[in-house]
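Copied over from TrEMBL:
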DOMAIN    B:19-238  domain 'MacB-like periplasmic core'
DOMAIN    B:299-412  domain 'ABC3 transporter permease C-terminal'
DOMAIN    B:441-644  domain 'MacB-like periplasmic core'
DOMAIN    B:685-794  domain 'ABC3 transporter permease C-terminal'
TRANSMEM  B:20-41  transmembrane segment
TRANSMEM  B:291-317  transmembrane segment
TRANSMEM  B:338-365  transmembrane segment
TRANSMEM  B:385-408  transmembrane segment
TRANSMEM  B:429-453  transmembrane segment
TRANSMEM  B:682-706  transmembrane segment
TRANSMEM  B:734-753  transmembrane segment
TRANSMEM  B:768-791  transmembrane segment
Amino acid sequence: MINITNLQKFYRTEEVETIALNNLSFGIKEGEFVAIMGPSGCGKSTLLNILGLLDDPDDGSYLFNGIEVAKFNERKRSDLRKHNIGFVFQSFNLIDELTVFENVELPLIYTKVGAAERKRRVEEVLDKMQIMHRRNHFPQQLSGGQQQRVAVARAVVNNPKLILADEPTGNLDSSNGNDVMQLLTDLNEQGTTIIMVTHSEHDARYTHRIIRMLDGQAVTENILV
Amino acid sequence: MGHNLKAIYRNMLKNKLYTFFNVAGMAVAFACSILLFLSVYQDFSFDKFHVNGDKIYKVYSFSNAANGPELSEVMAYPAGPALKADNIGITKFTRVRYGGGKIRYKAKELELTTVLVDPDFLRMFSFRILQGNRVNPLADLGKVVLSANDAASLFGSEDPVGKTVETEISGTWKSLEVSAVIENPPVNSSIQFGALARTETHGHYPAIKDEWNNQHHPVYVQLAENTTQESTENRLRSFVKTHMPPNIGLMKARGYRADAKGDFSGLKLLPLADVHFNPEIGTGDRVNRSFLYILVLTGVVVLVIACFNFINLSIGLSFTRTREMGVRKCLGAGKANIWTLVWGEGFVTTLVAMVIGVAAAVLLIPSFNQLFVAKLETSLLYDPVIGLLLPGILLFVSLFAGSYPALAMTKLKVVEVLKGKIALKTNGLFRNTLVAFQFIIACVLISTTMVIYRQFRHLRSAPLGYTTTSMISIPVYDQSKGKELIRTMRLQLASQPAIVSVSGSSFNLGIGKDRNTGKWSSNFGYKGKVVRTNWMEADYDFLKTLTIKQVEGRDFSSAYASDSVNAVIVTESMAKQLTDGHAVGMEFFADSAQAKLHIVGVIPDFHLYSMFEDKEPISIMLKHEESMAYILVKVNTTNPAATMELVKKTYAKLEPGKEFKGSFVTENIERWYAKEKRLSRLFSIAAGVAIVLSCMGLFGISLIVVRQRLKEIGVRKVLGASVSRIAAMISKDFLKPVLLAIVISVPLSWLILNKWLQDFSYRITIGWWMFVYMGMAALLIALATVSFQAIKAALANPVKSLKTE
Ligand SMILES: Nc1ncnc2c1ncn2[C@@H]1O[C@H](COP(=O)(O)OP(=O)(O)O)[C@@H](O)[C@H]1O
Ligand SMILES: [Mg+2]
């Protein structure tokens with residue numbers, strides 16, 4: 001599903017040039033659950049952003065479902081992204097001014113799904129995530145675990161083929177963290193490909209494979225299953 | 001859409017204070033500019049409702065005097081009919097003359113203006129006939145046409161058509177039959193009337209209907225479809241030669257000159273569309289077009305200031321929204337979605353502000369009318385043009401104010417935004433530029449207000465050469481008995497200690513409540529030279545009443561029997577034209593038809609007219625006919641109101657039933673400068689609004705910046721910075737653009753105002769201290785605005801601000 005070769009990403013500030021990704025290459029097959037690990041600043045988030053088509057690489061190739069997307073312009077990336085990729089962030093990134101229902105509904109609005117269909121799908125996914133009773137609450141009224149569950153619901157409501165999660169349990173206690181990991185595992189078992197950045201070896205054990213990074217390069221891969 | 005509205009609504013609610021600032025600021029700006037635009041629109045709509053408007057002209061005469069053309073709108077009785085009869089492209093004409101001020105039906109008497117016109121009047125002008133004879137209601141001399149309002153108050157529910165009313169025309173009551181009821185002339189009609197009757201009903205008409213030399217009323221004409229103004233004006237040249245040939249020899253002697261076509265004088269046409277704007281030969285309350293442009297500009301400037309506030313507040317607040325926008329983008333929102341959302345918020349703000357602004361404008365219309373002597377009506381808001389203008393402004397302002405923040409938001413990089421709360425990169429320069437711009441406008445307006453007000457005061461209090469205080473002038477109703485009235489008044493007031501003297505004059509000092517002004521000047525030959533002088537006719541005790549001290553000779557006095565025949569008092573510059581020596585006792589002919597004038601006194605030159613005109617030679621004749629237009633009363637009192645009351649009572653006995661239009665000359669003089677007074681009012685309000693709006697913006701920004709810098713302030717405090725130091729540090733940042741604005745606005749104001757002052761020969765000089773005041777005012781107001789937040793932030797507990805993240 002994903003094939004990157006010799007991916008490069010630089011950050012230039014006035015004085016220094018940082019190499020965030022350095023000739024990175026790997027592939028991920030459909031249905032895989034992959035963890036990306038490594039010390040802070042090694043380029044994990046940068047990688048995830050590029051995989052999620054939020055950012056473009058400076059060099060190298062990125063094949064998404066066999067299509068070269070590395071040179072896509074913003075519009076094409078946005079099109080591909082909104083139909084295929086869901087995001088889960090460490091800091092949840094729910095919109096404070098919108099209710100739980102409305103937050104989850106948002107991706108459907110942007111993919112121009114009809115109102116009745118939106119309602120059905122949002123309710124279905126809220127039900128699955130067991131936060132239906134909170135549908136009219138605002139994010140600040142929820143606990144961290146609940147917020148992350150809403151975030152996951154929002155990421156999956158569009159039935160994306162790929163979910164990208166950047167430290168999804170980083171802001172949660174272990175019990176809530178485990179809940180979220182269980183959710184992701186369930187989703188993966190239903191066929192969604194998941195790539196997750198994590199610092200937690202415990203969380204990584206839920207996945208099939210760990211890619212370990214150092215200074216913008218993949219150093220080792222552990223196959224878990 | 002529903003989704004966006006919900007998000008906009010919630011975000012506005014969340015940032016209540018900023019929403020309030022934005023809406024309030026915009027609403028104030030809208031209210032101001034709507035009032036200004038309405039009044040400008042009303043002025044530009046004058047006389048536009050006449051279907052034949054582009055074919056209607058007012059005839060005026062010109063004569064090319066030495067110091068520029070003299071224009072006059074008054075025509076003689078035979079002129080109107082001849083213009084139509086002579087086949088010079090004129091198909092319709094109407095004379096328009098004031099007839100009288102009263103009408104009676106049975107026991108009911110009403111004050112209204114009866115205007116005397118010709119039958120074509122109702123065919124030329126589009127005043128709708130509502131009732132009665134719709135074809136030719138003024139077909140004969142016995143008919144009168146009433147305006148709807150006056151008909152209603154005179155007749156109540158009775159049908160007025162066919163009834164006979166008593167109409168006062170040229171001082172006598174005439175029985176006329178109401179032939180039609182016509183719609184009231186709208187406010188934006190230069191020609192106003194309550195009733196219409198025929199020109200021929202005027203008492204003087206039979207005697208002077210063929211007199212070309214007796215001129216008293218304007219004439220409007222309508223040109224044939226295939227005729228142009230130019231061709232008719234060309235044909236008017238021969239018309240003039242036929243009917244009113246000028247005395248070219250005399251004109252040459254008096255310094256008149258021929259124009260490019262070789263005419264010393266003649267007739268021309270003023271398009272109806274210009275009648276409201278021509279100060280000399282227009283009709284009604286005329287306005288200057290450039291004044292209207294200033295009003296539009298002021299309205300736009302106020303809107304721009306409000307827009308800048310919106311832009312600055314939106315950008316300042318952006319850091320609270322960038323993450324949200326990032327998330328939305330991440331979830332698939334395109335640029336258009338983001339733009340609509342952010343711009344939509346601006347639009348909703350503008351819309352709410354517009355609604356409040358329009359409501360406020362409606363409520364303010366009465367005060368506006370009073371303040372600016374305007375006649376705005378609420379119904380103007382239903383006018384289709386205004387109906388289009390308001391949404392136009394709404395769209396323009398929301399685009400102007402909302403586009404920049406919206407565009408900036410769409411350009412945000414998702415990846416960076418998602419990392420944390422970042423604000424739009426403006427590095428303060430953009431923000432400060434807007435703030436500086438606002439304060440430049442505010443400062444220029446402050447100095448403009450100061451200069452215009454001082455110039456107005458300067459004009460008002462200018463020494464005219466006679467004492468203007470404690471003098472009352474009364475327009476006489478029946479001028480033919482003017483001197484008799486003066487004599488009686490002098491007699492009746494003689495025993496009153498508060499009355500110094502009573503005199504009279506042929507025209508008013510300043511502009512009285514009758515709003516009439518007069519000027520009479522002539523050139524004549526004297527010992528081979530051309531002598532030029534302005535004339536005035538006066539009564540005994542003239543110098544005493546005006547408190548003018550003669551240089552030589554004496555005042556007019558009834559003690560000298562010869563005074564009543566040929567006495568004249570001249571000013572020094574007039575005397576100098578006649579002789580280098582003593583002028584008293586000299587005699588001269590000003591006009592071969594008149595008696596030889598005998599100089600009894602010489603007085604210093606003085607300003608007989610407003611300060612817009614230079615001092616010119618003046619000759620004051622003791623009037624020998626019985627008529628006189630104004631009574632002048634010099635009083636000596638500490639209680640002007642009571643003295644005015646006394647004079648009013650005395651007048652009431654002289655001309656019973658007539659309205660007392662007396663006023664203090666100081667008031668009259670102020671009316672000369674009504675335009676400057678109006679301007680100074682306008683600018684003081686504009687400056688006030690500009691300052692308030694700019695400060696609202698500044699306050700909002702200080703709120704945001706302090707919020708953003710809370711952590712930094714906390715750290716500094718922990719490290720030992722004092723409260724005053726921190727407050728000063730924050731305030732300083734805000735005062736920089738204000739200081740810059742002051743520096744820029746000084747030369748800018750000076751240039752503009754100096755140019756404005758050039759139009760006055762009697763003017764103030766702009767002192768540097770005015771700019772010091774202006775700068776101090778701006779700086780203090782700005783400082784007060786930002787120091788509130790700065791001090792509050794500096795006093796805040798650092799532990800709290802460091803914890804929140
Ligand atoms: N916008 C940026 N500008 C400059 N350098 C950046 C930027 N974003 C990330 N970097 C740098 O790139 C490297 C990789 O960052 P990141 O992908 O966020 O690491 P990780 O998520 O693994 O902690 C780091 O050295 C970081 O400092
Ligand atoms: Mg990271």
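These residue numbers are counts, starting from 1, taken along the chain as shown.
In case you wondered, yes, glycine gets a Cβ from its N, Cα and C as well.
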(request) Between the transmembrane segment (B:291-317) and the stretches B:338-365, B:385-408, B:429-453, B:734-753, work out which stretch tops the count of Cβ pairs under 8 Å. (result) B:385-408
(message) Across the domain 'ABC3 transporter permease C-terminal' (B:299-412), what are the DSSP residue counts per state (helix, strand, coil)?
(response) 100 helix, 0 strand, 14 coil
(message) Summarise the domain 'ABC3 transporter permease C-terminal' (B:685-794) as counts of helix, strand and coil residues per DSSP.
(response) 95 helix, 0 strand, 15 coil
(request) Go through the chain and flag residues at least 6 beyond the ends of the transmembrane segment (B:385-408) whose CB is under 8 A from any CB in it; none is fine as an answer. (result) 26, 30, 33-34, 37-38, 41, 303-304, 306-307, 310-311, 314-315, 318, 338-339, 341-343, 345-347, 349-351, 354, 358, 424
(request) Using a Cβ-Cβ cut-off of under 8 Å, list the residues of the same chain that are 6+ residues beyond the ends of the transmembrane segment (B:20-41) and lie near it. (result) 292, 295-296, 298-300, 302-303, 305-306, 309-310, 313, 349-350, 352-354, 356-358, 360-361, 364-365, 368, 372, 374, 376, 380-381, 383, 385-386, 389-390, 393, 397, 685-686, 689, 692-693, 696-697, 699-700
(request) For the domain 'MacB-like periplasmic core' (B:19-238), would you mind checking the mean pLDDT of the predicted model? (result) 91
